[in-house]
Amino acid sequence: MPRFVDRVVIHTRAGSGGNGCASVHREKFKPLGGPDGGNGGRGGSVVFVVDPQVHTLLDFHFRPHVTAASGKQGMGSNRDGAAGADLEVKVPDGTVVLDDNGRLLADLVGAGTRFEAAAGGRGGLGNAALASRARKAPGFALLGEPGQARDLTLELKTVADVGLVGFPSAGKSSLVSVISAAKPKIADYPFTTLVPNLGVVAAGGHSFTVADVPGLIPGASQGRGLGLDFLRHIERCAVLVHVVNCATAEPGRDPISDIDALEAELAAYQPTLQGDAVLDDLAERPRAVVLNKIDVPEARELAEFVEDELAQRGWPVFLVSTVTRENLQPLIFGLWQMVSEYNAARPQAAPRRPVIRPVPVDDSGFDVQADGHGGFVVTGARPERWIGQTNFDNDEAVGYLADRLVRLGVEEELLRLGAKPGCAVTIGEMTFDWEPQTPAGGHVAMSGRGTDVRLERSDRVGAAERKAARRQRRERDDD
């Protein structure tokens, strides 16, 4: 079973809004109490929250579906439905949120940072909110809107001050184990490290974090080996350290060629966090070189031979041994000085404020196009939303939808394009046979609650008929 997961695809779905209520106030000595149906509650949203106690995306590996609660339905006596609770999903510090097209949506850094991944649907209006001078007691209410559904990719980019890069078996894990309290797996074969290891290093009264990245090979920036999976973990590192195995016996390998090969991979890698005002490009990050395994005599001679050539590049060079722990203290304090100087020269990250994006109210635009089969397709945010809010089992609700489309100008546009009565018109997921209701801007004839004269339906059971049916049932029971 994997214990460290740094990339997952999750399916988020916000809660739907509650339906509105169609109710009439009933009270003694008040025969005309009027409508009192409450509005539906807002659906809950899916919110990502950075939790410093979470260090992996393992939970999403087994439970990739995240669903928030829906809002409650409105009730009579002007009682609005309860809003659905927001679902707060805890993610590690350094999580990057990408959409299904790979576009960066959020970079979650810092404890408590929040990001609304999926917005909850709005609740439907009750008949009390729909009452007007022409429609004093609506016999219908609007349905709640569905919550937003999104497929998102979460990538964990380790937050560390120093990143150790090098070829397999260079001694990176051993170095982390001796300068910090971390205990990564160490063995004498390549690719022992399969997941990044973090360690906290104490430098006098200060401390900094070190990330041990799994070994890189030529072509890592194009996906060879585990390169693309773990190169992203060094994107946030302030200092990059080349760890070189000076005791390698492989033909064609030497410290200079190893460092040049690693630099070529770092230059070819395209990080996700491009354009970050706080981070430089990887090519501009401070570098240091650790020539490891100088406890071997031949390795010490080779390290001393290339030390001056590497120093000419302007990089600090440290000759160390993780076995004898030689020169570890100069390395620790040297890295701390590089980290502090880099952070002091960079602009401080501005406090991340929650971004409020109100739902636009000026969404009156729509478009009508012929579908090539004698019908028409109406597109637009407002008509499509109205379709989802309409209860098509209620005649008055359908008539109310027709009134809204008339006022918006949809029927006028259909007539202009040559639409004939009975042709198929598609709005959203609904296709119906279009019948002109009334000229655009004209007066709409109104009828009793729950009915619409334009639909010419007379199968609705009225209050008098229900009362007569109850009387007949009582008479049969008495007999």
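The count begins at 1 with the first shown residue.
Backbone N, Cα and C atoms are what each Cβ position is placed from, and that goes for glycine too.
According to Swiss-Prot, the protein has these features:
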BINDING   166-173, 191-195, 212-215, 292-295, 321-323  GTP binding site
BINDING   Ser173, Thr193  Mg(2+) binding site
COMPBIAS  451-467  compositional bias 'Basic and acidic residues'
DOMAIN    2-159  domain 'Obg'
DOMAIN    160-340  domain 'OBG-type G'
DOMAIN    358-436  domain 'OCT'
REGION    438-479  region 'Disordered'
Listed binding-site residues (Ser169, Ser173, Ser321), ranked by Cβ neighbours within 10 Å, top entry: Ser173
DSSP three-state assignment for Lys293 (GTP binding site): coil
Composition by DSSP (helix, strand, coil) of residues within the domain 'OCT' (358-436): 30 helix, 16 strand, 33 coil
Winner by Cβ contact number (other Cβ atoms within 10 Å) across the binding-site residues Lys172, Lys293: Lys172
Pairwise CA distance, Pro214 (GTP binding site) versus Ser173 (Mg(2+) binding site), rounded so that it is a whole Å: 9
Rounded Cα-Cα span from Ser173 (Mg(2+) binding site) to Lys293 (GTP binding site), Å: 13
Assigned element (helix, strand, coil) containing Ser321 (GTP binding site), judged by DSSP: strand
DSSP-derived structure type at Ser173 (Mg(2+) binding site), helix or strand or else coil: helix
Inter-residue Cα distance where the pair is Ser173 (Mg(2+) binding site) and Ser321 (GTP binding site), in Å: 13
Packing count at Pro214 (GTP binding site) (other Cβ atoms within 10 Å of its Cβ): 24
Model confidence over the domain 'OCT' (358-436), averaged pLDDT: 85
Neighbour count (Cβ, 10 Å) for Gly166 (GTP binding site): 24
